[in-house]
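Take a look at the structure below.
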Amino acid sequence: MSAKSENKQSVKALEELLKHLTVCDAAEEADAAKALASFVNGPIEEQDAPSQVFSAISKQLNDKNATARERVLKGLEAVANHGSVAADVEPYLVELLPAVIAKVADKQNAVRDAAIAASKAIVRCTTPYAVKAIVPSVLESIHTTGKWNEKMNSLQLLDVLVEVAPSQLSYSLPQIIPVVSESMWDTKAEVKKQSKETMTKVCTLIANADIDRFIPELINCIAHPEEVPETIHSLGATTFVTEVQAPTLSIMVPLLARGLNERSTPIKRKTAVIIDNMSKLVEDPQVVAPFLPKLLPGLYHIKDTIGDPECRSVVQRAITTLERVGNVVDGKIPEVSTAANPEVCLETLKAVLGEIKVPTNEEVIAKYVANIAAQLVEEKDNENESWVLNITPYLTAFIDEAHIHKIVEQLRTRSIAKIPGGASHAEEEEEGEDLCNCEFSLAYGAKILLNRTRLRLKRGRRYGLCGPNGSGKSTLMRAIVNGQVEGFPTHLRTVYVEHDIDESEADTPSVDFILQDPAVPIKDRDEIVKALKENSFTDELINMPIGSLSGGWKMKLALTRAMFKNPDILLLDEPTNHLDVVNVAWLENFLVNQKDVSSIIVSHDSGFLDHVVQAIIHYERFKLRKYLGNMSEFVKKVPSAKSYYELGASEMEFKFPEPGFLEGVKTKQRAIIKVQHMSFQYPGTSKPQLNDISFQVSLSSRIAVIGPNGAGKSTLIKVLTGELLPTVGEIYQHENCRIAYVAQAAFTHLGHHPDKTPSEYIQWRFQSGEDLEAMDKASRVISEADEEAMKNKIFKIEGTQRKILGIHSRRKLKNSYEYECSFLVGENIGMKSERWVPMMSSDNAWLPRGELMETHAKMVAEVDRAEALKSGQFRPLVRKEIEEHCSLLGLDAELVSHSRIKGLSGGQKVKLVLAACTWLRPHVIVLDEPTNYLDRDSLGALSKGLKNFGGGVVLVTHSREFTEGLTEEVWAVNNGHMTPSGHNWVSGQGSGPRIQEKEEGDTFDAFGNKIEKAKKAKKLTGAELRKKKKERMARRKAGLEVSDDEL
């Protein structure tokens, strides 16, 4: 039988089935509809058969007979609900959707119900990538129809699309939200209710953690404009950190446009702040382009008319940011790209087809393919696999399969080429056995970290995981090991190696720590001991409680335990933290030799990554992008990531305040801290941790403290800063010297103030002029031994024996100071009736500093601190001053004054700690392992800031990269002894350039009160004195009154 005759038979069969559905009894209706659906979706020889039957269906939809209209709608529902809708049928169903939606307004209830069911069935059966073919007709119905029941159904169709095509529909939110917003003002109560429900559902597609909790308020503002000011206030206190995409702007811009039109100046200012903050997080100019006409005119108008200069400056900042992000030049808003328009994609498809002419009756399928291609372009999907999978089935309806692959490839490349800025990064191919190849999304709490990204790992490969602080590197590794990554193979053994070990196991010996782990299959103690010894553990370390191990040994222990679990993938989070150079080299060698175990490594040590990794997995706009090669190769491909590789490449730079003037210190070489023959031993230990150590620190010091793990570096620093007191030895510290100390546990203090803003925290911490967080230092707390020493010290003054009751003030005495003391006078000393009676304040006496330091050093230090307060070397504790100080360390003013500490990222908290520690303008900054808690950008900024700091710097670090070019002096600590090198210690002032005491501007006490200073009288020259004498003699000769002391 010929194809032509087969075609005639197919058409005739379809016509008979359709006719039977129209005239059959109600009992046969379901079977007739099912028969029609099976035939239409079955194999029909010539593809023009569906076009003819759907043409007949279209005519019958307008039949005068209500039963005929109802039956054909039910037939359409059956076709759409068929188990496998044919690819050449689907486009025709969508083509009929507007006509089906219109029938929802039919006067006959049965027809209306059939139309509702058919329209929903059609929307459900289509591919998710065809939303551009469906959404326009649905929105047109909502916008133009005067029939409330049709509008209700169209709103419900949007609800269906949220269920079946959520990610694809999110790209259409800028078109959907304005139309649904308009229907929320409908006069029909049912429509208003349905509109609000639909708006709530479509807003669930907005993947932005910053505004998630405000979405109900944003929706409420559409129906209740009077709520706009309060919502603006709520949003104004929000820190925006998540990348802003079109869905976010689609719900935010209507509110912001209204905010700009509010009468209140504070609301206009807050609106401009929100626009500025959100715009900074827009990466693609095409994302913001459609919204520029709604925001820029309002901002321009406010700038030209507002009277408040501060508000005007904020508005100008928002305009500058919007114009930069949107590529606005000379006020001209750029055109929105048409690359993702279905009409453009249809033209591209026809051009690609070339000589293969699209049959007139298959134009429907061609348009449908163009809509799918437009969606792929909208998503910037450049993966060939996606285009082949989503387009090929529909082209086979009218194109020979031999040509399809070439046509799809040409359509993809030409369509993607029209995207401004090009497509997203195409991942480089990697050889080897696949361990995993999965697509997933990841969130932390309400914050989205990764969105529909792909992770592909090969066996035996080493990957570096790179991204800024807060991007979710550690969260991803925890999600992998906890089985929370969708699609990740469950049979793979993944082990997360952390640098911290649970405190609950602090008393467990090292060997038992491995033995007691249920995930370790080997229970042979000798084998575990052998493995530990191979990793340099001694017998003492093997049996030592892990709480007594240094950080480096804990890391090696955790890694040894991990290998006993026979892992497929090792997840290492900052493995070089606390490791000295020797152990870092050991770790590099260890990882490189693991041929069957893959590794994912997070590290700030770029040199380590350069030696170890074979590929970099980089966080880019909520995606993971893989780049083959080590760290240096990665930087060549992504120059913007240069700060990961070179600290000096960081664009940020911290600026530390200039230290205050120190009385008697005339050069930067003079020692302001000096330690001689100091030893320290923790109570209960068998030997001292530090032995016979001497050093000095000056304003010009740039010191690196290095040494193996457990050598005593942190203990030395704690003695230096007063956290610990030496067991033996002398420590001199200039009376007014201030030290800023940032320990490894840098966030400890912040955890007690989660609900304060950074500004409020600094105001609380320095409310009395002193640092309240430093009140518990050992150098300030009076111990029982101190009390006993003070109690037993008797001074003989004016023939009486006295004990010091208090030390109140200080004054200059030659090259030192003397202190005013109040006393207890002794009566009947040495007898049973001995007692000590407080003396009157008139009996106070001044004692030299040298006499007091032996027993009353801590009381003397308190007076020194109080005198430093009176000297006016402290700034006013007001918001503006705090904002200016924090801005030097990379914290924005809005963040400092309007964000709570608990909402800050890890990097922002470190900057706050640095800002708080340096508030009192320290003379020495001491940092313990700064590379452990700062990302690469911040480390580069810190390095630059420390280079230019006017005081001394002491660093404890294993990172040679960080100290190179920064430090000149090295303290090598090993086995309790310290060997200095590169030092230039001097006695006295030294021979360096003299420090000139700067003429200070206004100075303030700790409470912000201005300190008035008496102006110094100018000393007259000899010529001026002689001239004055002549004038005085002339006045006396003239009989005028002249004062004897007049000059």
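Each residue, glycine too, has its Cβ placed from N, Cα and C.
Feature annotation from Swiss-Prot assigns repeat 'HEAT 1' to 48-85.
Taken from Swiss-Prot, the feature repeat 'HEAT 2' applies to 91-128. Across the repeat 'HEAT 2' (91-128), mean pLDDT in this model comes to 90.
Feature annotation from Swiss-Prot assigns repeat 'HEAT 3' to 130-167.
According to Swiss-Prot, the repeat 'HEAT 5' annotation covers 210-246. With a threshold of 8 Å between CB atoms, the same-chain residues lying at least 6 positions outside the repeat 'HEAT 5' (210-246) that come near it are 171, 173-174, 181, 184-185, 192, 196, 199-200, 203, 252, 254-255, 258-259, 262, 264, 267, 270-271, 273-274, 277-283, 287, 290, 446-448, 470, 621-622, 894-895, 898-899, 903-905.
Residues or ranges marked as domain 'ABC transporter 2' in Swiss-Prot: 673-1000.
Annotated phosphoserine per Swiss-Prot: Ser714 (among others), in sequence order. A sphere of 10 angstroms centred on the C-beta of Ser714 (phosphoserine) encloses 21 other C-beta atoms.
The feature phosphoserine is assigned by Swiss-Prot to Ser768 (among others), with experimental evidence given as support. All chains included, 12 other C-beta atoms sit within 10 angstroms of the C-beta of Ser768 (phosphoserine).
Residues or ranges marked as phosphoserine by Swiss-Prot: Ser783 (among others). Taken residue by residue with DSSP, Ser783 (phosphoserine) is part of neither helix nor strand, so it is coil. Counting every protein chain shown, 11 other Cβ atoms lie within 10 Å of the Cβ of Ser783 (phosphoserine).
Under the heading compositional bias 'Basic residues', Swiss-Prot lists 1026-1037.
Per Swiss-Prot, the feature phosphoserine maps to Ser1043 (among others); the stated evidence is experimental evidence.
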Review point. Near the repeat 'HEAT 3' (130-167), which same-chain residues lie under 8 Å Cβ to Cβ, leaving out any that are not at least 6 residues past its ends?
Key: 90-91, 94, 97-98, 101-102, 104-105, 112, 115-116, 119-120, 123-124, 175-176, 179-180, 182-183, 186, 188, 190-191, 194-195, 197-198, 201-202, 204-205, 342, 367-368, 371-372, 374-375, 378, 452
Revision key, fill the gap. Rounding to whole Å, the Cα atoms of Ser768 (phosphoserine) and Ser714 (phosphoserine) are apart by 29
**Study point:** Pairwise Cα distance for Ser714 (phosphoserine)/Ser783 (phosphoserine) [Å, integer]
**Key:** 23
